[in-house]
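One structure is given below, encoded as structure tokens.
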């Protein structure tokens with residue numbers, strides 16, 4: 001490669017003997033590296049805020065009348081076993097369901113219990129406040145007494161209880177555990193009501209509003225989102241196995257099979273893809289209740305089989321099942337359509353298989369970025385759970401006319417009967433969005449670093465004519481890592497930032513589009529609608545283009561040591577000037593690799609369904625409200641892991657082709673350093689295209 005004639009010289013300005021890549025470079029894009037480091041400092045500060053203020057128990061469990069989180073350990077009481085929130089005063093629940101009543105359910109008196117109380121068949125059961133003051137029994141004894149010490153109360157306290165002012169409250173309505181909240185069933189016990197009236201208790205309203213009020217509170221969007229986030233946290237063993245270890249094993253198996261059975265792998269990949277996507281879709285059908293009797297249910301534990309409760313999670317899983325059906329149909333038809341092109345993909349993959357066999361440590365190298373990402377994801381998920389639950393517990397400001405007996409003060413208090421809520425400030429939402437963006441940028445950065453290292457290793461192979469050479473450093477993977485760490489981290493940082501920014505913008509615009517559609521304020525005229533949908537299409541095209549340019553820019557960074565923008569320009573010029581020569585050589589190969597990544601991620605999702613279907617994740621404490629988010633998390637993690645390992649093949653093909661284009665540019669259209677197998681591949685490609693025409 002002659003530097004005097006070359007259009008794309010080495011980083012030192014002149015080519016080396018025999019076209020070997022030069023390693024004397026300069027640090028590039030240092031400003032962006034400094035920005036990346038500053039961003040990570042901000043990520044650590046942001047995460048520390050979550051660790052200091054958050055409590056993941058808040059995502060699932062409610063608050064009691066003292067502001068304590070059910071299921072947690074507190075100064076006065078250890079509520080570790082008491083996870084269920086129960087509304088002790090049915091009249092407050094009833095009033096909160098009335099329109100224009102001014103009473104909110106969040107101000108109704110609640111207590112944490114071990115299980116939902118059941119009305120007695122021959123008497124009247126009670127649920128009393130936590131034992132304190134003159135009630136000298138332990139919390140464990142209180143639990144053993146079924147929360148009922150009414151018989152031990154003084155006449156004054158009994159009279160207060162009959163006014164629904166505590167410290168004891170009657171169990172009139174049966175209730176069922178719906179997502180760790182005891183939801184009333186609007187069928188009051190006649191026996192309990194009769195006893196209550198005989199004791200001259202106040203009138204208790206028994207309208208069906210009492211059922212709907214709690215149900216609506218459980219099904220708010222914020223409550224559903226919290227439960228989804230909690231599902232991901234509780235299913236961490238599933239994430240490790242199905243989102244980490246399984247895709248690692250499958251990806252390495254796929255690389256080894258590409259190395260030794262390259263001819264059969266495209267066919268195997270297409271066949272497995274179709275089988276896996278159909279299987280995953282069937283699991284969605286099962287959880288949606290369309291197949292079998294394994295549909296998700298919001299009710300936890302044993303209950304009346306004839307009593308049903310609806311929840312947003314059920315609607316979401318059905319929507320996911322419908323979406324998967326559409327994706328499955330399109331995917332299967334598309335895979336059938338590319339069958340005729342598989343021979344072309346085989347010839348391209350042979351080149352990559354040759355490289356994998358010749359370049360030392362190329363198969364094992366992705367384990368390094370995999371380990372870095374695994375450590376990062378564990379830290380990130382822990383911080384995310386705390387950030388999502390980092391609001392402050394504050395007493396509500398209410399004007400409710402209510403009173404309750406205070407066992408410590410030994411009197412009825414009407415001043416502090418307002419309930420407690422978790423208050424989220426706007427900066428918490430900003431912290432969560434920042435945390436999500438940081439995860440995506442870090443993922444893209446690690447993938448970009450891995451791709452650049454692979455590209456540098458494969459480029460060394462190409463410029464040695466595909467043979468071993470004394471000028472190729474021993475273990476070129478580690479030599480390429482050294483060059484990246486020393487000179488090009490800033491270039492990789494800006495490239496990954498651009499992709500992350502474009503992706504985030506697309507997600508935000510899509511969220512705005514859905515909200516506008518839900519509010520029924522979409523553009524009415526056909527011109528505005530056309531512009532609206534065209535803008536969506538353009539954003540998607542820009543995203544795909546940037547991803548493609550970035551990938552090729554990383555290759556040129558590895559070869560020449562240039563900065564990101566200069567490398568992007570060089571790569572784009574090479575591809576445009578050689579587009580007719582390389583033709584469709586890389587397109588079908590990329591499709592097969594994409595299907596391979598989907599196979600790994602779909603297998604991760606399938607095994608996640610199987611693990612989540614065990615008794616552990618259906619029991620009271622560890623129950624997963626819906627497999628939707630844990631399965632999607634395993635799907636995404638599986639795809640990221642597959643991307644790291646499949647980049648060995650993907651970047652090998654792209655680097656060989658881009659090096660071929662650069663080689664041809666510098667030698668008047670004839671590639672001097674192209675390995676024989678690559679030349680044969682181009683010849684076969686041209687022959688296949690000629691026959692197809």
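Backbone N, Cα and C atoms are what each Cβ position is placed from, and that goes for glycine too.
Your range for transmembrane segment, going by TrEMBL and the list 236-258, 397-419, 420-442, is 236-258. Range annotated as transmembrane segment by TrEMBL, chosen from 359-380, 469-490, 491-512: 359-380. Your range for transmembrane segment, going by TrEMBL and the list 298-318, 319-339, 529-549, is 319-339. The range from 8-29, 30-51 that TrEMBL describes as transmembrane segment is residues 30-51. Between the listed ranges 198-219, 264-285, 550-571, TrEMBL ties the annotation transmembrane segment to 264-285. Counting Cβ pairs closer than 8 Å to the transmembrane segment (359-380), the top stretch among 30-51, 319-339, 445-464 is 445-464.
Stretch with the most C-beta contacts under 8 angstroms to the transmembrane segment (624-649), considering only 30-51, 236-258, 264-285, 319-339, 445-464: 236-258. Outside the transmembrane segment (319-339) by six or more residues, the chain places 270, 273-274, 277-278, 280-281, 284-285, 287-288, 290, 588, 591, 595, 628 with a CB less than 8 A from a CB of the stretch. Distant neighbours of the transmembrane segment (264-285): 254, 257-258, 291, 317, 320-321, 324-325, 327-328, 331-332, 335, 338-339, 342, 345-346, 349, 592, 595-596, 598-599, 602-603, 605-606, 609; these residues of the same chain sit at least 6 beyond its ends, with a Cβ under 8 Å from one of its Cβ atoms.
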